[in-house]
Amino acid sequence: MFPLQGGYFLQTRTAPLVCQKTSRLADVVTPLWRLSYEEQLKVKFEAQKKILQRLESYLQMLNGVSVTTAAPKSKGLCCLLHPIIPSPVIDGYRNKSTFSVNRGPDGNPKTVGYYLGTWRDGNIICVRSNQLKNMPEKHNQVAQYYEVFLRQSPLEPCLLFHEGGYWRELTVRTNSQGHTMAIITFHPQKLTQEELCVQKETVKEFFTKGPGAVCDLTSLYFQESTMTRCSHQQSPYQLLFGEPHIFEDLLGLKIRISPDAFFQINTSGAEMLYQTVGELSGVNSNTILLDICCGTGVIGLSLAQYTSQVLGIELVEQAVEDARWTAAFNGITNCEFHTGRAEKILPQLLKSKEDGQLIVAVVNPARAGLHHRVIQAIRNCRAIRTLVFVSCKPQGETTRNVVELCCPPNSAKKLLGEPFVLRQAVPVDLFPHTPHCELVLLFTR
């Protein structure tokens, strides 16, 4: 029996098995959790060093790139590698968690947690996240009560789309003030609007007046989704109760965060990351800061006072609305944010700014890296002399991006401008207990 507040319990018939699965989940999701944090940082630093060593090999072999430069370099690397910057918070640092719904170790299909196993092998189960060291207790609490709700609901969960079912994921967002936003994803199948309203009212009642009220949610959202992921534009987030946004204090700014907006999952670590970006960027009152894949605009907004203008580009409309609100609330007037795909917006935006003023570009793409046309636009804009590249997966598509930034001019690939040179690399740990790390790369030309 697993006790919850308010006298409610989660029960499993196979407690030893559950404990074993929970430990296995920790090894999968947070594989470094058994090491001291100092040892974790050593492991991560060596991993970043190997990434840069492989990157140097690519730069030397592919496209005939020469990495010879008079700039300081770390031994055996193509650039200067700084010591890893540790996270100020080691445990329970996540401000956003997404929980799945599926069969648990005891076979109950209404189990809320993280996946263990693989779809290929057909051994997927859902394991509760109670023992994950990077998970805040508040996130676990909301997930556990969502499970209580599901197990008393007459509707089945949607485990696989072609098998029917309704209840799906739960996303929990929190801030440093303790405010909590929950987002429930629901497959409507063929329910009428009246039937959907009944379900929305039921889950609202559970979290406002029922057992789930102990979670003290600041807001509860409901999204009808027939796909694995839907944006707000594809299927609007419906506010069932509470405040439409949560807010965070970061680098002296009050930041607004919508349910669909990207925000680094480690708030105090993000401050270290953005300070690092600011120091490397070298912006001044004579430069324009171009913030590509800007999310809620925090990098540009935090540096706005040091530069003449900030131009942000972001795909998610809600995030751009957050950035504009944050700028207005904090009295920042030299920021301009654009919604859409960077590969479509950037070339036109740069054409309008080719007036001789220097541009410092900051890019913070998702794991898929930057679109080739974004690289083309950056390479072919003579005004961009400095580029700061923030990568959460430098061993992936970022390698291709770096090679295209640094290779000699190539008319076939429409890479016509002067190549960049990789000067410095700074690892910043935003993900304690996991092997992941943010790597900040400084390029100049």
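Count begins at 1; order follows the chain as displayed.
Note: Cβ is positioned from N, Cα and C throughout, glycine not excepted.
The feature S-adenosyl-L-methionine binding site is assigned by TrEMBL to Gln264, Glu314, Asn364.
When pLDDT values are averaged over the domain 'Methyltransferase' (284-385), the model yields 92. Summarising the annotation, TrEMBL assigns domain 'Methyltransferase' to 284-385.
TrEMBL lists Cys392 with the feature active site, nucleophile. The C-beta environment of Cys392 (active site, nucleophile), restricted to residues of the same chain at least 6 apart in sequence and closer than 8 Å, consists of Ala366, Arg367, His436, Glu438.
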* **Check: same-chain CB within 8 A of S-adenosyl-L-methionine site center, minus Gln264, Glu314, Asn364** => Phe262, Phe263, Cys293, Cys294, Gly295, Thr296, Val298, Ile299, Val390
* To do: Whole number in angstrom, please: the longest C-alpha to C-alpha distance across Gln264, Glu314, Asn364 for S-adenosyl-L-methionine.
  => 15
* What number of additional C-beta atoms lies within 10 angstroms of the C-beta atom of Asn364 (S-adenosyl-L-methionine binding site)? -> 24
* With every protein chain in view, how many other Cβ atoms are within 10 Å of the Cβ of Gln264 (S-adenosyl-L-methionine binding site)? -> 22
* Structure fact -> In all the protein chains shown, the tally of other Cβ atoms within 10 Å of the Cβ of Glu314 (S-adenosyl-L-methionine binding site) is 27
